[in-house]
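Visitor: This structure is in structure tokens; I'll ask about it shortly.
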Amino acid sequence: MNTITLTARPEALTFAPEQSALIVVDMQNAYASQGGYLDLAGFDVSSTAPVIENIKTAVAAAREAGMTIVWFQNGWDSDYLEAGGPGSPNFHKSNALKTMRRCPELHGKLLAKGGWDYQLVDELTPLPGDIVLPKPRYSGFFNTPLDSMLRARNIRHLVFTGIATNVCVESTLRDGFFLEYFGVVLEDATHQAGPPFAQQAALFNIETFFGWVSDVQSFCDALSPEALARIA
């Protein structure tokens, strides 16, 4: 099986595309669009357009190279039973739930399955053969079949994109680390919830303790037809 070498920090990472997955975390209107949950909760989403384009580029490169592509959508049923009641810390810490309690007119609109907020942004569309998974909490490994689906495909390396770097991206990468997956995040294909230092802190944590950090151009270069031809 052919392997590629991806330029990354703190060191390059070598893996086989066929045993790797590109993870697209929560690229929903909720997190990337004006009028979505993050925007209504007071977070800045004005600079997400370049992130969307970079993810689109990464997805195309991964698909061409034969990588598995996994799309996550964060949210709950329209009655929010899956979100947990007052006995769940999620009830108290989810900014979506807190925003709806503060603005009752938004109830049933934020992160509710089937609604506009829950949908992936128009620019990013899964294709047949991609894996599309709902998730009820920050981590894509919690209460989802992600782990078993990856293991069935002998996938050990995960390349992360999406929003928010410091919340769902980092949470999923961390859980993957504990499950013996090698995780690398493409920093220019992610965006934080909060001020810029939240992005910097998340990338520092990942690079130093839990995984690797790269970028979309390096990812595309490693998967280019020329690079793949050299190792064929």
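Cβ from N, Cα, C; glycine included.
Keep in mind that what you see is a predicted model, and the values were worked out from it rather than measured.
Got these off Swiss-Prot a minute ago, pasting:
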type	residues	note
ACT_SITE	Asp26	active site, proton acceptor
ACT_SITE	Lys135	active site
ACT_SITE	Cys168	active site, nucleophile
Visitor: Of Asp26, Lys135, Cys168, which of the active-site residues has the most Cβ neighbours inside 10 Å?
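Guide: Of Asp26, Lys135, Cys168, the one with the most crowded Cβ is Asp26.
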Visitor: For Lys135 (active site), name the DSSP secondary structure in the helix/strand/coil scheme.
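Guide: DSSP assigns Lys135 (active site) to strand.
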